[in-house]
Amino acid sequence: MAELWWIYSKPVPADGRELWTLFLQCSCITVVIGGLFYNWMFASLEYSWHLSVAMAVSFSLLLFLTLFVVHPARCVFSMIMPTLGTKQGRKLLFSTCFMIAVVNITPNIISNIKTILQVIKCICKNSSDSLLNSTALLETVSWEFGDAIQETIHSIYKPMNGHFRFSLLQNSSLFYQKMHLAGEKISREFLSVEVLVKDSVREANRLAAGFFMLYLCFESTWYLKNYLTDIRFDNFYITKKLERLATDRRAAHLLVGSSKKLIRPTGLRLSWEEVALCLVRAMLVTVALMLMLVLVAMDHFAFSVADTAVRKAAQFSAVPVTLNIRYKVSAGPVPFLFKIFRRPSEELLLGDFNKTYHHHLVFSSARCRISTPTAPKPSVLLVVGLLFCMLYSTVLLETLARRLCRQIAASFFPSCEQRRVLHLYGRLARRHRKE
């Protein structure tokens, strides 16, 4: 592995064997990165299959030529990998997590809200049907009652017209049509909002992902440029070259006395500044986690409400309505005459109507088209949880990733590393003399 890395980091291969080794290394790297790039464009950014293949092939060819020919480009590309563990990598992970949440969780919430509205629409439609049927029952009752009033024994007591005039909503189809149009309008509005949200988030995620990838390359290039041009940049590590130089010049005490300010690049010890930065980054990740948990809670709440509404609507029983009409008509002499002669009054029964009508108010029906509530996807929650675990890990790995970037740059440019070691040794020696 050390020999392969030495060949990969050399500016120019020494012979044909090293040239073929570098060719195979660049080819393997290109194939792997090209496959990941295709999967990223097709699965995460949701580009078409043809465009993803074309972009992946073009990117792979360009990457192969760049890595095989340009030595600093190999260094920049190698530093991109540990740079994924820094804030730029976190931005990419945030972008991926946000895309997964919006594409999978938000449509789920909208679907459950549509289910709730379908339940409300069904209840309104069936209750309206029952009310219209009750008006038809009242019409029947009025005509039967009017016929009963007409059927008297003596025509002298017969009223001119015993029928009631009852106004009914005859054009019920217009009522149903208006309800149907209102429901379709709400469905179209929800569908347009869902499509708009998906398209907007997809385009925003594509732009953000492209920007983050370009900025990732820029940050690696910026680090390499500062490493090559600024001899003081990121130069406070106790490397093996610095230890050998101090030992050769019999000045090992310089490293011991400055151990609180210098850090070993392969060690795990963090300075107070690095610990404070880690805490700040962890707080930012925690805020994002809280927002994601709120979105997940909304998904579960919408599903719970939709599921309860569908189950309760199916359990609605019909409400019985009973209409009882009792009508009695009798005629006789003037009552006070019977009181004078102290005889009981005799009445003549002209009509007796006693009838009961039954009706049921129905609030739910099996004919209603209600979609099944969509439960939250456990796989989405698992992926989001893993992404946030990676985000928290990058908080701790960012400092180590920066140290790894320095080691990569030192392996690609050993002469520059030698100058930086001499400069750091000189600083330590001058500080020791002053003290």
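Cβ from N, Cα, C; glycine included.
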TrEMBL feature transmembrane segment, matched against 92-110, 206-224, maps to 92-110
Here the stretch out of 20-41, 47-71, 278-298, 379-397 with the most C-beta pairs under 8 Å to the transmembrane segment (92-110) is 379-397
Sequence-distant contacts of the transmembrane segment (278-298), meaning Cβ under 8 Å and at least 6 residues beyond its ends, amount to 87, 90, 94, 97, 101, 105-106, 109, 270, 376, 381, 384, 388, 391-392, 395-396, 398-399
